């Protein structure tokens with residue numbers, strides 16, 4: 001495996017119900033990312049913004065496009081927070097934003113991002129696709145394809161895809177492998193339909209796992225632990 005993209009939800013950066021950012025959690029994520037980076041694998045990241053603002057369910061009476069732009073700005077804050085933690089470990093990283101903010105971070109340039117990774121730097125993609133009405137999951141799959149990644153991994157609070165919500169149904173069963181068509185036809189909410197369609201059309205495998213420990217990213221890269229894979233028709 002040469003190059004991978006890890007999607008991290010904004011909620012994962014926060015202590016549950018306590019704060020917008022949890023320094024211990026962010027440090028744990030950074031150490032886990034460094035561990036994979038030290039394997040010689042090129043790593044890029046997409047960060048969500050749901051711990052700060054979620055466009056689809058934010059302030060009432062704000063139109064969807066404006067809310068989505070607010071969510072994109074939230075992802076930039078999260079990207080800078082994670083960049084600081086990664087750099088503090090002695091690993092060089094760069095933030096690239098789909099919405100240019102030149103005094104804060106680099107604008108997104110595909111070839112420059114690839115060049116950074118080839119120079120052993122971690123690249124953090126912020127501001128989603130730069131367009132409203134597209135989720136950060138869609139941005140993650142899009143960047144995975146653009147970067148020529150071998151796989152897109154989505155780190156969540158649940159260790160894979162289940163037949164039902166495992167938090168409310170103790171009999172829910174984890175599904176280890178699904179096709180893109182399965183996810184679309186069953187309307188599974190693990191990824192939005194745009195993200196699944198892009199992955200399917202470009203043959204990008206997607207792995208869903210729980211990013212609950214420093215070792216989680218490392219383990220799933222080495223095909224250890226619990227996870228679900230989406231690939232194949």
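Note: Cβ is positioned from N, Cα and C throughout, glycine not excepted.
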Listed co-binder of UMP (same site as 68, 129, 130, 131, 132, 133, 134, 135, 136, source Swiss-Prot) among 49, 84, 155: 49
One of 156, 176 listed by Swiss-Prot as binding ATP at the site of 7, 8, 9, 10, 50, 54, 162, 165: 156
Rounded inter-Cα distance in Å - residue 133 (UMP binding site), residue 156 (ATP binding site): 21
Set of same-chain residues at least 6 away whose C-beta sits under 8 angstroms from residue 165 (ATP binding site): 172
Nonlocal residues around residue 49 (UMP binding site), in sequence order (Cβ under 8 Å, 6 or more apart): 10, 71, 72, 73, 74, 75, 77, 78, 136
Inter-residue C-alpha distance, residue 7 (ATP binding site) and residue 135 (UMP binding site) (nearest angstrom): 12
